[in-house]
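Q: Copying in the features that Swiss-Prot gives for the protein in this structure:
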ACT_SITE  115  active site, proton donor
BINDING   22, 23  phosphoenolpyruvate binding site
BINDING   91, 120, 121, 122, 123, 124, 160, 161, 162, 163, 305, 327  UDP-N-acetyl-alpha-D-glucosamine binding site
MOD_RES   115  2-(S-cysteinyl)pyruvic acid O-phosphothioketal
């Protein structure tokens, strides 16, 4: 397994070009199954999960090519089952189910690896499709959906806010007979992006970005060209990198209006921030950040995917800061690893109390999930000495060439090939 070796401390400064958003690219790739004509999707990040999704679409009979953009022609799709060997590495494959049953009247997706119904919100995808008239069976580890004729529009009130299930219901409803209303819908920018992609293909959707989305079903979707929005979490991660190293950065190909809550907290921490239409700059003027209090919640509140990075910011900031996680359980696995580097923190139920220290020391640490691992790499950039970050396959799932981008900002980081 590959590792990162990071030598610190360094002040990170310079420019970085932000990649397309993984969390919009994946649902958009699967939504392309609804189109009867070719689509071109631009600004798709080069990531493991994207490659897996493209493989899966090919196995279903779509023609998939990548040359800068991703080109998908789903006119010849003739296989309606997403097999376990591809699904096991990636939960996003559940997004194949809605488009398959909506367009072809049938679809099967292997249950995502080690996923028990109820514990993870696959059940919300299922109840949503059932409300649109699909019959769902769970057999031999597969979710099997079918419908006689077309799906039927419905008024769906979601039990809890779920990005994944909002995508599934919205995609399926585009080809349903009649009107579908989704109440308590997720409001994330990636939902808006997926809806806008569907509209480009001829779908009739209104209210995306609010908690009430209305979809008027159409008979077919055509082709089109669409550009995926910039990755707000990658943008936030690089802004934090500059803030904790007392540096300055310019993020290009960014979308500032998707990051209001994060930018507000960075300003509270003492960062000087400017924004343009497609760029964000941050300058610490050589100062140490101040501790901030953060509470995660669904969009437009502070994103859970920026929690680990802000935990790190607080651990090297002036003062004491509180970070409360309300979205996911067990999302503080980076804290004990950062403690190995000299960070001072206590976890009390779903809150981390961070006592800022002046410096961290390099250590051997282990990545546990995507965002936690990014925070460990950033910690290595500012720690005294050498940090080895193990299990970095987590990072490769969500950050495109993070080491190259950090190196361009002055980080001393290398990928070490594992046994």
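Positions of Cβ are set from backbone N, Cα and C atoms, glycine also.
Source: prediction; values computed, not measured.
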Q: Per residue, counting other C-beta atoms within 10 angstroms of the C-beta, which of the binding-site residues 123, 305 reaches the highest number?
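A: Neighbour-count leader: 305.
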Q: Let me know how many other Cβ atoms fall within 10 Å of the Cβ of residue 160 (UDP-N-acetyl-alpha-D-glucosamine binding site).
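A: The answer is 10.
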Q: Mind telling me which of the binding-site residues 23, 162 has the densest Cβ neighbourhood, counting other Cβ atoms within 10 Å?
A: 23
Q: To see if you understand the setup: which same-chain residues, six or more apart in sequence, place their Cβ under 8 Å from that of residue 22 (phosphoenolpyruvate binding site)?
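A: Counting only residues 6 or more apart in sequence, the Cβ neighbours of residue 22 (phosphoenolpyruvate binding site) under 8 Å are 45, 47, 49, 50, 231, 397, 398.
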Q: Would you count the other C-beta atoms found within 10 angstroms of the C-beta of residue 91 (UDP-N-acetyl-alpha-D-glucosamine binding site) for me?
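A: Result for residue 91 (UDP-N-acetyl-alpha-D-glucosamine binding site): 18 neighbouring Cβ atoms inside 10 Å.
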Q: Could you give the Cα-Cα distance between residue 162 (UDP-N-acetyl-alpha-D-glucosamine binding site) and residue 23 (phosphoenolpyruvate binding site), in whole Å?
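A: Roughly 13 Å, rounded to the nearest whole number.
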Q: If I take the alpha carbons of residue 91 (UDP-N-acetyl-alpha-D-glucosamine binding site) and residue 23 (phosphoenolpyruvate binding site), what is the distance between them in whole Å?
A: 12
Q: Of the binding-site residues 123, 160, 305, which sits closest to residue 23 (phosphoenolpyruvate binding site) by Cα distance?
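A: Of all the candidates listed, 305 is nearest in space.
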